[in-house]
Amino acid sequence: MVLQVGSLEGRGVIELENASLLSPSFPRKDAPFVKDSPIDHECQNFSQDVIRSKVLSSIKVVVFSTKINLLMPFGPLAILIDKLFHSHGWVFLFSLLGIIPLAERLGYTTEQLAFFTGPAVGGLLYATFGNATELIISIHALKSGLIRLVQQSLLGSILSNLLLVLGCALFAGGLVFHKREQVFNHADAAVDFGLLLMAVMGLLFPAVLHATHTEIEYGKSQLSLSRFTSCIMLVAYASYIVFQVKSQKNLQVPVDEDKSFNEDTSNDAEVPEISMWESMIWISILTGGISILSEYLVSTIEGASKEFQMPVAFLSVILLPLVGNAAEHVGSVMFAVKDKLDISLGVAVGSSIQISMFVIPLCVVVGWMIECPMDLNFQPFETTSLFMSVIIVAFMLHNGTSNYFKGMVLILCYLIVSASFYEHIDPMSIEDNPSIAGP
């Protein structure tokens, strides 16, 4: 046997010149039976080492690369406490903490997968998985008939992104660059707030139609209007994705800033840290974990409300959104302190657009499919909160500049909203009307 090792385009080639080994159909009579050659053992060991190294490297990047993953043990603890002690308050709290790192890592793996898909499919991935936590919690709640929980948690996500996340980003960026105002492209912001006002309009008309008792069929007309409006909003959001993919490069940068922008993007070019298949596997694992903890979260929210002596509306609008918005909160602030305010606005406002124009209409359509009467009537109090928040943020950002004072105003507005929902008694909440929770 002659062993020759050469190179072909940078790869090792092993050539075996032994007719008895290469042609097993014509064995030599005097050749002894050989089970495995040393080369086979070396190849098997080498492949196992490569797979083991790849798995460990992937776990290191996804699990051990960020400190927020220190909250991961709270997920199994929530399941353990539910099995042993049946304490709804602690199960709710630990499930809430356990979902935070899973939601953040889901956003990270989706970002990694987008490197391999191109801008069009990447935009669809962000629309699907960018707010997957809110969507999974909402679907579990819809299956349980908890329509108000779905409405309030999604509304809270929008309010949290617009006031708290964006406010913290503007405040932090303003403190770092306190000697000058930060600037961003107000043309893009105008398009974004136009979509947000369209979402407000979609939520406003069913609420007004129901509150003024001007429905043709009481209780049915608002549901029909909500389903029709939801389909229109989904079409508008799909058009927005296409518009972003095809036109953003031309609209994003003014002509006089084109050169500096190109230099910044060339310096900040990123490469994927994990492969496409690793991203897909991790997305499946993380989505499954979020789905399991979301079921515990939804099933214990009423008991947690009684144990903590807090309204369900407050838990739904204020606490639940903190879970899904953890990644947006950290990312938006980090970009703002790096003077990348356009990206920071894209994270905070873009997430609000995804929820209002994609997740909420999709929940209405899903409820339609499973015969759950989910509608866009979020009640006057909630709809007014959203309308005022969109108007305040639009006025704050209308001139394309930002400073720490504008961020502080948004944070203070969020505190007012939080206090309002703490004192608000929802006439249709679970605690006041247990019959709406379904069987």
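Heads up, the Cβ atoms here are built off N, Cα and C, so glycines get one too.
Those TrEMBL annotations? Automatic predictions, nothing curated.
Feature annotations, courtesy of TrEMBL:
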DOMAIN    90-245  domain 'Sodium/calcium exchanger membrane region'
DOMAIN    281-417  domain 'Sodium/calcium exchanger membrane region'
TRANSMEM  84-103  transmembrane segment
TRANSMEM  123-142  transmembrane segment
TRANSMEM  154-177  transmembrane segment
TRANSMEM  189-212  transmembrane segment
TRANSMEM  224-243  transmembrane segment
TRANSMEM  280-298  transmembrane segment
TRANSMEM  310-327  transmembrane segment
TRANSMEM  347-369  transmembrane segment
TRANSMEM  381-398  transmembrane segment
TRANSMEM  404-422  transmembrane segment
Top Cβ-contact partner of the transmembrane segment (189-212) among 84-103, 280-298, 347-369 (pairs under 8 Å): 347-369
Contact between the transmembrane segment (280-298) and the transmembrane segment (154-177) (at least 3 Cβ pairs under 8 Å, separation 6+): no
Long-range environment of the transmembrane segment (154-177) - Cβ separation under 8 angstroms, sequence gap at least 6: 131, 134, 138, 196, 316-318, 320-322, 324-325, 328-329, 332-333, 335-337, 339, 341, 344-345, 347-349, 351-352, 355-356, 359-360, 363, 378, 382, 385-386, 389-390, 392-393, 402-411, 413-414, 417
